[in-house]
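Here's the structure, in structure tokens; my notes come after.
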Amino acid sequence: MLSLVLVQCVVNYLYAKIVLSTVMKQGEDSTRTMYYWSSALTYFLAMVCSNMALQWVNYPTQVVGKSGKPIPVMVLGVLVGKKNYPLKKYFFVLMIVVGVALFMFKDGKTAGGDANAFFGFGELLLLLSLTMDGLTGAIQERMRAEHQTKSGHMMLNMNLWSIFYLLVAVLVSGEIFAFVNFVQNHPSIIWQICNFSVASALGQCFIFLMVSDFGPLPCSIVTTTRKFFTVLGSVLLFGNTLLPRQWVATLVVFFGLFLDAMYGKTADKKK
Ligand SMILES: Nc1ncnc2c1ncn2[C@@H]1O[C@H](COP(=O)(O)OP(=O)(O)O)[C@@H](O)[C@H]1O
């Protein structure tokens, strides 16, 4: 798990480096180093926790759990990131999150989950991952407010610090040796890891653009509804029918998004 995230961060870093020195020159960066090392810590821990959770909960549970992400991003953005939101914004965001979760939720017991435990270790890891996501967003809010940090610089430095933490982690835990062994025994995995990492870097470039230009909260609303649109699109594309619960959920999500777009603007934005 750690080695995979390490490879991912290395490719993200190289991608940011190339983009910054060619097509997207962004000038000097005045961001405090403290913001980079702290956000990198929470960023990589969020990824490791949500990947690790998959050993205890199944994939749909993980997606439903992580669809709550805008909530910690918003709450910690206010408590730690010094952001202000009008009260109605909390309601719109809650509406979107509840709608997405209601849409994705699968009744009954599914393979991979622990049927006996309502709240087990996997759920705890998801909660931890969400907290880390919230803290990452809060630190990014401060970077934006105090240094107007650009997307390329944020992507480059957060991945660089994460590489450092992950290198220490894989060496101390000895996981790197098991990883090299595994790759030697299954060389076909190299192609998959390359695909995965390049796709991740391409996607992350837009994530950071969204974070630096609009903020972590709009970014998490977009990535959360993206999950909803993926499932909705595939259901409609493959001619499957939506359950009544999912129709209600779809309406709730669209209504929440509409209200947020129309009336969710913050006081800062108006200024
Ligand atoms: N605010 C952010 N700062 C840096 N990277 C982010 C941020 N939000 C998302 N990402 C990156 O994008 C990936 C996908 O995010 P997302 O679509 O929200 O799904 P999830 O967090 O459930 O994996 C994350 O694993 C992370 O690498």
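Backbone N, Cα and C define each Cβ position, glycine as well.
Copied over from TrEMBL:
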TRANSMEM  40-59  transmembrane segment
TRANSMEM  90-105  transmembrane segment
TRANSMEM  117-139  transmembrane segment
TRANSMEM  160-183  transmembrane segment
TRANSMEM  189-209  transmembrane segment
TRANSMEM  245-263  transmembrane segment
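Within the chain, the transmembrane segment (245-263) has long-range Cβ neighbours (under 8 A, six or more residues past its boundaries) at 88-89, 92-93, 95-96, 98-100, 102-103, 105, 221, 225, 228, 232, 235.
Most Cβ pairs under 8 A with the transmembrane segment (117-139) among the ranges 40-59, 90-105, 160-183 are made by 40-59. With a threshold of 8 Å between CB atoms, the same-chain residues lying at least 6 positions outside the transmembrane segment (90-105) that come near it are 60, 63-64, 67-68, 70-71, 74, 217, 221, 224-225, 227-228, 231-232, 245-246, 248-253, 255-257, 259-260, 263-264.
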